[in-house]
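TrEMBL lists 46-98 with the feature region 'Disordered'. The feature compositional bias 'Basic and acidic residues' is assigned by TrEMBL to 71-82. The annotation compositional bias 'Low complexity' is assigned in TrEMBL to 83-92. Residues or ranges marked as domain 'J' by TrEMBL: 113-177. Annotated transmembrane segment per TrEMBL: 253-274, in sequence order.
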Amino acid sequence: MMEGNKDEAERCIEFAERFILEGKKDKAEKFLLKAERLFPTQKAKELLEHLNTSQPQAEQDDVPRKRHVPKKEPETQSRQKEQQQQSKSSASGDKEFNKEHLEAVKRIKSCKDYYEILGVSKEATDTDIKKAYKKLALQLHPDKNKCPGAAEAFKAIGNAAAILTDPEKRKQYDMYGSEEDRIHQSQRSNHGGYREYSYTRGFEADITAEELFNMFFGGGFHNQNVYTRRGGRWQRAENHTQNREQQANGYTVFLQMLPILVLIVLSMMSSFFISDPIYSLHSSSKFPVQRKTLNLKVPYFVKENFHTEYQGSLRRLEITVEEEYVTNLRHQCYREKNYNKYT
C-alpha cells in the first residue's frame, strides 16, 4: 500500500519545490509533510530541513538546487507548526462555514464503516441509502460547506453510497469490509500514530463523488471541480457544464438523424403492408387462371385461389381491369404515333 502512495508523494514534492521558488514557505512545508506521511523519502526530509532552517529569501530560492543537510528540526516541532497553520486557516474561514458544517465533517471522519458514514443500518435498503446520501450530500458539498476536510467527507459519503448501492460491491464489503478497514488504516499510520484520513477505506467506487452527486441532483452544484483518486493518481471530475454540453451535442446529432430514421421506418412499414395484386393483364406462373370482364371482354389473369382469397366486389374489380387496359392502349397508341412521326 505504501508503494501505491509513492507517485502521490512525488507529486507533493513537486508542488513543494514550486512553492519554495515562489517564496510560499507555508504551502511548501504543508506539501512536504504530506509527502512524508504518504511515502517517506530522503528528498522530502532534506527539503523540510532546509525549509525550517533557512531564513533569507535567497536561500529559500536555492533550496531545490543546493540540497545541503543542516541540523534536522525535531519532527514534533514541524507537526506543531502544521497544526498552528491549520488552526489559522480554520479561524480565517469561520465566516464561510458554521458549527453544523464542522460537526458533520468531524462525524464522517470518525466513522468506522460505510454504514456509519451514511447513518444507516446494515439492513438498509437502496432507498434508505439514497435518502441518507441526499441529505448528507447537500450538507457536505464543497460548494456549500467550506470548512476544512469537507471535500474529503463529501468523497467519503459518495464512495460509501456508490459501494452500498451496488449489490456485488456491497456483498464484498459486507464480507471483507471491516477487516479491510483495519488493514488499510494500519498501513496508513505513520510518525508516532499520525493517521491521514482515507475516504476509500480500501473499497473504491467506479464513479466519482461529483458524478454521483450529479446523478442524484442533476448537477445542482456545477461550479466546483472535485478531485478524486483513481489508481493512485488524482484526477479531476468533469463538471456539470461540460456534461451538459456533451448532452446538448448528442441531442443535436439525434435531431439531425431523425428524418433519416423516419424514412427508414416508413419504408420498412410499407413493405409489410403492401399486399400482392389481385390480378394481372399478363399470364404468369403466379397468375395462371384467365378471366374476362363482363362488359368489354378484356382478358385478365388471377391466382388459382382467387375465389377463396378475393372477398371484394367482382364488378368493381372488372371496372378497374378495364380502366387499366384502356390506359395501356392509350399509352401504346401515343408511343406508336410519336414513333411514326419521326420515322
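Glycine too: its Cβ is placed from the backbone N, Cα and C atoms.
Since we're looking at a predicted model, the values are computed, not measured.
Taken residue by residue, the domain 'J' (113-177) breaks down under DSSP into 46 helix, 0 strand, 19 coil. Predicted-model confidence for the domain 'J' (113-177) is 87, expressed as mean pLDDT.
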